[in-house]
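Presented below is the structure to which this report refers.
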4 protein chains.
Amino acid sequence: MLHTIRKIGVLTSGGDAPGMNAAIRAVVRTCAFHDIKCYGIYRGYEGMIEGDFIEMDARSVKSIINKGGTILKSARSKEFRTKEGRAKAYEQLTKAGIDAFVVIGGDGSFTGAMVFNQEFNFPVMGIPGTIDNDIYGTSHTLGYDTALNTVVDAIDKIRDTASSHNRLFFIEVMGRDVGHIALNVGIAGGAEEILIPEEDLGLDRLVESLRRSKKSGKTSSIVVVAEGDKIGKSVFELKDYVDQNMEGYDVRVSVLGHMQRGGSPSCFDRVFASRMGVKAVENLLIGKSNYMVGMKNDVIELTPFDQAVKGKSKINKELLRVSDIMSI
Amino acid sequence: MLHTIRKIGVLTSGGDAPGMNAAIRAVVRTCAFHDIKCYGIYRGYEGMIEGDFIEMDARSVKSIINKGGTILKSARSKEFRTKEGRAKAYEQLTKAGIDAFVVIGGDGSFTGAMVFNQEFNFPVMGIPGTIDNDIYGTSHTLGYDTALNTVVDAIDKIRDTASSHNRLFFIEVMGRDVGHIALNVGIAGGAEEILIPEEDLGLDRLVESLRRSKKSGKTSSIVVVAEGDKIGKSVFELKDYVDQNMEGYDVRVSVLGHMQRGGSPSCFDRVFASRMGVKAVENLLIGKSNYMVGMKNDVIELTPFDQAVKGKSKINKELLRVSDIMSI
Amino acid sequence: MLHTIRKIGVLTSGGDAPGMNAAIRAVVRTCAFHDIKCYGIYRGYEGMIEGDFIEMDARSVKSIINKGGTILKSARSKEFRTKEGRAKAYEQLTKAGIDAFVVIGGDGSFTGAMVFNQEFNFPVMGIPGTIDNDIYGTSHTLGYDTALNTVVDAIDKIRDTASSHNRLFFIEVMGRDVGHIALNVGIAGGAEEILIPEEDLGLDRLVESLRRSKKSGKTSSIVVVAEGDKIGKSVFELKDYVDQNMEGYDVRVSVLGHMQRGGSPSCFDRVFASRMGVKAVENLLIGKSNYMVGMKNDVIELTPFDQAVKGKSKINKELLRVSDIMSI
Amino acid sequence: MLHTIRKIGVLTSGGDAPGMNAAIRAVVRTCAFHDIKCYGIYRGYEGMIEGDFIEMDARSVKSIINKGGTILKSARSKEFRTKEGRAKAYEQLTKAGIDAFVVIGGDGSFTGAMVFNQEFNFPVMGIPGTIDNDIYGTSHTLGYDTALNTVVDAIDKIRDTASSHNRLFFIEVMGRDVGHIALNVGIAGGAEEILIPEEDLGLDRLVESLRRSKKSGKTSSIVVVAEGDKIGKSVFELKDYVDQNMEGYDVRVSVLGHMQRGGSPSCFDRVFASRMGVKAVENLLIGKSNYMVGMKNDVIELTPFDQAVKGKSKINKELLRVSDIMSI
């Protein structure tokens with residue numbers, strides 16, 4: 001027997017990402033379009049456990065499509081990882097009459113939703129919101145495109161000063177487990193080398209590459225380093241190594257940090273969020289549950305949660321080769 | 001028998017688009033990577049006919065990946081549409097020892113290349129560079145993603161003033177034949193209605209929709225209009241019509257114009273340009289000719305010129321529905 | 001006898017400008033700092049007449065310092081220009097217990113405040129908010145610095161496409177009565193000529209100048225035209241004239257329009273707004289009235305309303321000379 | 001007896017700043033306007049010693065007004081601090097026929113120019129180019145306005161994520177000796193507290209202030225810290241201290257770093273650079289020497305080098321008070 005959905009909850013969970021507000025808006029308005037009530041759940045699963053809900057109508061989400069962050073706030077919840085925590089959450093949802101929810105977040109958030117669904121047979125849908133693009137089953141995650149542009153803009157600025165002073169810069173960008181951001185901004189920022197979690201370039205080859213580029217007449221260079229780069233050294237350690245093993249370079253370091261998560265979402269992310277919000281709600285309404293909405297070949301499609309959380313998205317090896325050729 | 005390629009020419013043709021410089025850089029550096037000489041051809045086919053060439057090495061394209069416009073300049077050439085013009089061009093290329101070229105431009109430019117290839121058996125490759133995204137055989141054209149962000153940024157600014165004054169704005173965006181830009185920026189900019197060449201909304205339904213939105217409590221509205229909208233009215237005529245047929249709206253018009261073509265390319269467009277430049281040169285080197293490089297399902301692939309120039313890319317009808325739901 | 005101020009109203013009036021929200025925030029928080037109540041008045045003098053007020057505390061203005069437009073909305077009010085309208089407004093203010101107000105707007109808004117003050121001995125202060133920088137008694141108006149950057153960014157984009165195609169562009173920017181915006185963005189955008197309300201260059205000298213620049217080797221040019229330029233021709237008429245009287249130029253036109261009013265305020269405008277808000281409230285509290293707050297020699301100072309509304313700010317003639325030299 | 005100036009050199013020296021290219025352009029074009037030859041000197045005083053010069057005409061500086069960094073590159077020169085180094089530089093200038101120079105840089109660069117002038121009676125002029133705004137005798141330095149906007153934009157992004165997660169952020173901005181950047185971006189970014197070199201807030205008052213703001217209902221906070229803040233702790237040490245002495249805050253750190261130096265210059269900086277370039281060259285031509293060009297009360301004026309290098313610009317204490325009131 002199908003649930004008949006009358007009230008849908010929406011929450012943002014885990015690290016925030018640009019476009020989350022656009023997705024909230026899309027969920028709320030699609031509910032309004034189908035005459036379904038919609039409730040915002042504050043601070044992710046924390047707020048779900050506490051019953052921190054607010055009713056949202058179509059007008060309540062005006063002027064947020066272009067705002068970074070999330071108006072519903074986000075959090076990581078330890079309590080929701082316990083059976084007791086989830087039971088409390090279920091109680092709160094039931095009390096409020098919410099009979100399905102859409103969670104916007106990363107794979108941790110989806111795992112939570114999946115377990116919750118199993119325990120309470122509660123309809124859930126996920127929208128992948130994280131700048132890292134590290135989720136299996138979707139070519140893009142929400143916020144990734146915006147973050148790429150934010151990082152490239154910062155690299156362009158650093159390049160101004162790098163090339164004015166003939167400097168070598170190590171720039172650390174986000175990406176603990178996957179190198180998507182590093183790989184793309186490295187190409188787009190004209191980086192000499194790109195260090196990512198998936199490939200171990202090795203310190204020797206790095207130094208060799210920098211020597212070669214210096215010999216070829218380049219007077220300044222940028223090396224983009226993902227947080228979780230395989231060499232396993234921080235940008236500060238990399239700087240020290242190069243200082244000790246190369247001459248003639250003034251080496252500097254820049255850690256871009258949290259600004260990568262903020263900012264007004266790109267056109268792509270706003271449209272992507274809107275499409276996913278529609279898809280999530282309309283699939284709940286026809287009785288589907290336990291899926292992540294995502295994009296495959298430019299089409300919005302569903303992937304079962306258990307598949308989405310098992311895999312990691314793979315980097316495109318073609319890009320490594322493009323980067324090598326471009327940095328000649 | 002295959003040509004053995006020793007010198008490749010590269011030109012930009014037709015309307016300029018952000019990312020053209022990144023594509024030029026990619027062609028030049030891929031040539032350098034394979035020890036092939038590369039020549040820049042100025043002002044599109046005009047410069048080809050005049051022999052306005054310049055040798056380009058890897059260093060000559062430094063610091064251009066983030067620049068809008070095209071350092072090779074662009075033009076539309078009437079003379080190249082004549083047999084005599086093309087014969088002159090062939091002579092110039094031959095004299096300079098150029099034995100293949102990559103043209104970055106739109107379908108008109110590809111038609112020129114295709115005819116030239118037929119007449120002189122001259123190896124040619126095309127890279128789709130136009131903000132309109134109107135080319136068959138590729139999900140994206142170079143510059144399209146950047147233009148979307150430029151337009152959305154402008155709409156965000158107009159919305160600030162629109163909502164401060166409870167105004168209705170008609171905003172004209174580029175797109176004579178296809179509504180891709182209008183459709184995407186309309187959703188991303190939170191437009192009330194979107195008028196595109198592919199669908200005739202009709203004046204009555206437009207006014208009806210605006211009345212409904214006013215009644216629903218919206219105090220300001222934005223209508224995005226593609227240059228070639230099906231209603232066949234300019235934004236100024238639309239304003240007049242609404243002025244005469246609706247009360248209570250202060251109606252304004254904004255024509256975004258040529259700024260849509262400029263600006264530093266987005267991360268996507270820079271990476272896309274780099275990938276296509278590699279693909280174009282390496283396929284010429286293995287004897288391929290007469291193809292447009294493009295993207296299908298996130299993969300860089302080739303489409304024969306005759307297919308690319310015959311079709312037009314189609315808008316995604318799903319987006320019309322998403323727009324309808326979002327503007328509730 | 002001094003009024004003892006217990007409740008201060010704040011409104012935005014006339015055309016909106018970036019930084020108005022920052023000024024509202026500053027007024028509200030300075031009131032909170034001094035334990036004075038603060039009321040927002042919606043839609044300028046219209047809302048004052050209708051009694052459309054809202055109490056605002058320090059938290060109610062959070063996260064608005066970086067938003068374009070005005071959360072209190074703005075309008076031009078015909079009724080407030082009548083004695084009856086002003087009497088209604090006075091009644092509404094009295095009923096709500098508001099005993100002073102700060103109006104953020106242009107000289108029309110200040111005239112209204114001045115008359116109101118004379119009729120009802122009601123304490124008023126003004127903050128100059130308009131992108132045109134056309135107000136006497138202050139070196140800057142709020143929003144002007146932001147608008148300059150917005151326009152220069154648009155001109156940079158147009159220059160990309162202008163120089164790719166060897167084109168001449170006429171770009172119309174805001175400024176009906178004064179040429180501040182045109183003059184500054186003309187220099188910053190590298191314009192060939194700048195047409196402003198204060199100086200009549202003449203069509204002949206314009207064409208002569210363009211010819212000279214073409215001869216000197218320039219392949220593309222930009223002419224910045226203020227709305228109210230002295231020649232008295234629209235950018236479209238200028239284009240026609242040049243088309244008929246010059247050869248070898250592909251002439252295009254761009255009217256930047258309302259996007260010039262929007263956008264997130266610059267650092268300067270946010271700090272300027274904050275300083276003026278403090279000054280306005282604290283001067284009301286010590287019994288001053290009937291002044292415009294403004295900036296003179298980098299210091300925040302008061303100018304009596306009757307002086308502020310009588311004069312117009314003058315352009316800096318030095319800039320005309322700098323522009324001439326730079327466009328050699 | 002006056003030198004008759006026939007060839008003017010121009011160099012950028014010390015840390016780079018946005019607007020340096022606009023200043024180079026202005027010097028070159030003012031020379032062209034007065035039929036004086038102009039030479040670019042590469043890499044500051046280093047290039048002067050090595051005779052690394054290039055002749056520059058009006059066209060050679062096209063399309064650089066909007067570029068960050070410096071096309072002439074910059075460096076700090078130890079050799080120029082020695083009498084031998086300066087003698088070599090003089091020899092190189094003489095050999096090239098350069099009989100005056102304009103140096104764009106900070107007070108160290110001006111000291112070098114002043115000593116050089118004393119030793120060789122060589123006409124010199126300075127243009128203050130540094131983002132820190134730390135030079136006496138001018139209300140602004142070139143690049144300062146641009147850097148303010150760059151930093152505020154980054155803080156806005158960090159605020160998105162800070163407020164989504166109820167976090168406290170310590171953001172380190174440039175400014176070793178003076179707090180101008182910190183003070184202005186702190187106000188513009190809505191910071192809770194601002195730590196600068198000129199004022200010792202003290203750790204206790206910092207924690208007290210954060211406690212008070214938490215109690216007042218603020219859920220996230222930003223503290224802007226100048227590099228050389230008086231407390232003498234790095235942002236990482238501040239984080240540790242707060243972690244140990246406060247509860248209920250998730251504290252994060254962001255060091256903005258070198259991106260603050262780059263980027264396309266603001267409208268203000270472009271116009272300011274143009275005005276100073278004209279002033280510098282025209283004053284050399286009428287026989288003046290040994291001055292820094294700068295801005296006082298919105299007018300471009302000269303300050304003798306010995307005055308400029310002796311003092312430091314002072315922060316505006318009014319801003320400290322505005323910040324206190326705004327963070328209520």
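Counting begins at 1 with the first residue displayed.
Just so you know, glycine gets a Cβ as well, placed from its N, Cα and C.
Just so you know, TrEMBL annotations never went through curation; they're auto-generated.
According to TrEMBL, the protein carries these features:
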{"type": "ACT_SITE", "residues": "D:D132", "note": "active site, proton acceptor"}
{"type": "BINDING", "residues": "D:G15, D:R76, D:S77, D:G106, D:D107, D:G108, D:S109", "note": "ATP binding site"}
{"type": "BINDING", "residues": "D:R25, D:A26, D:V27, D:V28, D:R29, D:R159, D:G190, D:A191, D:E192, D:K218, D:T219, D:S220", "note": "ADP binding site"}
{"type": "BINDING", "residues": "D:D107", "note": "Mg(2+) binding site"}
{"type": "BINDING", "residues": "D:T130, D:I131, D:D132, D:R167, D:M174, D:G175, D:R176, D:E227, D:R252, D:H258, D:M259, D:Q260, D:R261", "note": "substrate binding site"}
{"type": "DOMAIN", "residues": "D:7-283", "note": "domain 'Phosphofructokinase'"}
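Structure with TrEMBL features highlighted.
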residue	record	Cβ neighbours (10 Å)
D:G15	ATP binding site	23
D:R25	ADP binding site	27
D:V27	ADP binding site	31
D:R76	ATP binding site	18
D:D107	ATP binding site	24
D:T130	substrate binding site	25
D:R176	substrate binding site	11
D:G190	ADP binding site	26
D:E192	ADP binding site	22
D:R252	substrate binding site	18
Max CA-CA distance, Å, over listed substrate-binding residues D:T130, D:I131, D:D132, D:R167, D:M174, D:G175, D:R176, D:E227, D:R252, D:H258, D:M259, D:Q260, D:R261: 32
Close in space, distant in sequence - D:S109 (ATP binding site), Cβ under 8 Å, 6 or more apart: D:S13, D:G14, D:G44, D:Y45, D:V103, D:G126
Between D:R252 (substrate binding site) and D:G108 (ATP binding site): CA-CA distance (Å): 35
Fewest Cβ neighbours within 10 Å, where candidates are the binding-site residues D:S77, D:T219: D:T219
Cβ neighbours of D:M259 (substrate binding site) where a neighbour is any other Cβ within 10 Å: 25
Residue among binding-site residues D:G15, D:R25, D:R29 with Cα closest to the Cα of D:R176 (substrate binding site): D:G15
Using Cα positions only, nearest of the binding-site residues to D:M174 (substrate binding site) (D:V27, D:R76, D:G106, D:T219): D:G106
Cβ neighbour count within 10 Å of D:R29 (ADP binding site): 27
Cα separation, D:V27 (ADP binding site) to D:D107 (ATP binding site) (Å, whole number): 20
Proximity to chain A among binding-site residues D:R29, D:R76, D:R176, D:R252, D:R261, where any Cβ pair is under 8 Å: D:R252, D:R261
Rounded mean pLDDT for the residues that make up the domain 'Phosphofructokinase' (D:7-283): 95
From D:R29, D:E192, D:T219, D:M259, D:R261: binding-site residues whose CA lies within 10 A of D:G15 (ATP binding site): D:R261
Residues within 8 Å of the D:G15, D:R76, D:S77, D:G106, D:D107, D:G108, D:S109 Cβ centre (excluding the ATP site residues themselves): D:S13, D:G14, D:G44, D:G105, D:G112
Where D:R25 (ADP binding site) falls in three-state DSSP terms: helix
Neighbouring recorded positions, C-alpha within 10 angstroms of D:G106 (ATP binding site) - of D:R25, D:T130, D:D132: D:T130, D:D132
Length of the line joining the Cα atoms of D:D132 (active site, proton acceptor) and D:G190 (ADP binding site), in Å: 20
